[in-house]
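TrEMBL lists 9-39 with the feature region 'Disordered'. According to TrEMBL, the feature repeat 'PPR' maps to 176-210, 278-312, 381-415, 481-515, 583-617, 618-652.
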Amino acid sequence: MSPPPRCAISLPLAPTNATATSTGSGGGGGKKAQPHPTAAQVRRLCKQGQLDRARLLLLDALPRPPPTLLCNAVLIAYVARALPDQALRLYALLNHAARPAPRSDHYTYSCALTACARARHLRLGKSVHAHLLRRARALPDTAVLRNSLLNLYASCARRRGVDVVRRLFDAMPKRNAVSWNTLFGWYVRTGRPQEALELFVRMMEDGVRPTPVSFVNVFPAAASDDPSWSFALYGLLLKHGVEYVNDLFVVSSVIAMFSELRDVQSAWRVFEHAAKKNTEVWNTMITGYVQNGKFSEAMDLFIRLLGSKEVPLDVVTFLSALTAASQSQDGRLGQQLHGYLIKGMHGTLPVILGNALVVMYSRCGNVQTAFELFDRLPEKDVVSWNTMVTAFVQNDFDLEGLLLVYQMQKSGFAADSVTLTAVLSAASNTGDLQIGKQAHGYLIRHGIEDEGLESYLIDMYAKSGRIEIAQRVFDGYVIRDEVTRNAMIAGYTQSGQPEQAILAFRAMLEAGLEPTSVTLASVLPACDPLGGGICAGKQIHCFAVRRCLDSNVFVGTALVDMYSKCGEISTAGYVFASMTEKSTVSYTTMISGLGQHGFGERAVSLFYSMQEKGLKPDAVTFLAVISACNYSGLVDEGLALYRSMETCGVAPTPQHHCAVVDLLAKAGRVDEAYEFVEGLGEEGNFVSIWGSLLASCKAQSKQELANLVTERLLRVEKKYGHAGYRVLLSHIFAAESNWSSADSLRKEMRLRKVAGSSWIKVQDAALQNYPKNDHVYSMLHGVDYGRDEII
């Protein structure tokens, strides 16, 4: 009978009793093996952590085959010190280099399976499993061996088809707490929290006492499922005594669970009452504050830890602090953290902290500093490059981001899904279809698949004016989730196809998908008077109320905008007043709506109320409120608002200058408007500003001033080329009977009007009952759609 085949890899969880017997051949015999002098040395070296020397003694100095017990001891030492690859390498040497090879026992196989699990070597683990099945009668069926086998598949296997982990668990004749703990962790990792909680209850019913690890494994399930589970599990933990409550891993898990449930107060109470706190416990509490937007509390706790001499800070601590500074956009705090890191680490930062600093500076609006820091990083990984590329794109430096992607590839880093997401965003922002197509082709060639990429593709094609390609991309996906449908709805809205956006929204409902706040914020802009209409907008509003989505700041802002554009400014005001959370965009939308409906004083009052609430107006807000003053003739108020822009840290743009010119001109103060533009100097050299002033001069018959403005406008227009204002100039010359100048301008322009169409939306019934509809249709069919020229 041929000997059993050797396994490529195997490791044990062997007993540590130094007086245990072992056979020289590994095969049996009734005599006790006499301890070899080198065996004691191997055990001593393992305890001291000198594993390489122990391995050399095992392979070179001991007799052949080396004792199984000593082999297990060295293998276990490698696994215990988180060196699974070295353990697997040693097992391979023992089985292939040693002649004859030591005979593996159930501890050896258990250790081999543990090493495969920790190194994520599923294929090697399967070979060990196969060897076990062939030697099933020769090995004892122990809980240690079965738990190691269960742990291998729970650590490495993916949930596809048959649940191999559950099958192994159900086949176990006897299960202990370790078996149950492994299964809890497997269900949580595979996104099945309810099953994990049910199994925990079943374990208790079977009389198996949970260990601290049981609670550590099941707490994440409570954070993902019904919140009531969290207090039930924590109460059960308290009943098991001080040993459980003071376990540091358990404390960290409880804090993380309450933080995930947004119950920061409970997390803080657990943290404060903990008998001991190590670095991990502090980090978990700081991270919990950051996750829940409590940035000042996170920094207070960080500073408190910084002043403590008992607990050391690690990389995770500084990552959490930098994230707090980044999310709160506190650049000054971020700079202080940067300085502390440079001093504490003597100028050499780990890559992960360098990446976090780049994110912090970019989110605080200091992209230049972020890039300088990125450029000086001594070591860069793909995350570093992706972080800087994303920072450029998110701060509207799309061209710089694309150039950095090119440099990234030249430096030997391949673009991944994160890189392509940034490239597609840049292509969307710039409307560059060619860049977008290249990114799409790269995705296909390299087989890059990632959740959410399809929505970026749809958005890119829609913003590039190719909504039909976006539709083909959407149709090409078998599974169309909420994200892709939201992108398609937004694409139709942005492309000026509101009816299609409404239809896509209805199709989403018919598919049984639940619209989110993003969905409603995307479809509401389609409900304007020329799109879906106020009726569709009110229906969506009712839907938002039923789903409790009307309190969302983005949905509320979209509702205010929709009602304002549809002429129901009072309803828009009611929605705005009922919003529990308001952003700068919310106030800007309401101010703009009030201004367009002639409520200039209310718009100005709302602007000052916004500042009293602590919200900082931006350039768009100032443009909206100055335009509101323009509509209502509030000249002095508009000028005062314009002059206050620099105080608020907002630089005026040509749009603001143009609004001020309109404000003065409509009030009959054209001369003052001219002096205002002259005072701008180079900042006033924009066609829109001088063109607006020229139109005002014509409206108020200020001919002499119009001549001065005309001369200036022609000089500016010669550089920028805006033929539309030349039409206005030709009309002014014609009004003066200056036919030669008017004729020369028209001949110089040689404009051609592009044939187009205008649409009037009418009810079908009204059109059918219209008494002269036959005459209308005959006129429409008789229209000549040839070219129409203006000479």
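The count begins at 1 with the first shown residue.
Here the Cβ of each residue, glycine as well, is placed from N, Cα and C on the backbone.
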Secondary structure content, the repeat 'PPR' (176-210) (per DSSP, counts of residues): 26 helix, 0 strand, 9 coil
Secondary structure tally of the repeat 'PPR' (618-652) (DSSP, helix then strand then coil): 23 helix, 0 strand, 12 coil
Cβ contacts under 8 Å made by the repeat 'PPR' (583-617) with residues that lie 6+ beyond its boundaries: 553, 556-557, 560-561, 563-565, 567, 569, 572-573, 576, 624-625, 627-634, 637, 641, 648-650
Residue counts (helix, strand, coil, in that order) that DSSP gives for the repeat 'PPR' (278-312): 26 helix, 0 strand, 9 coil
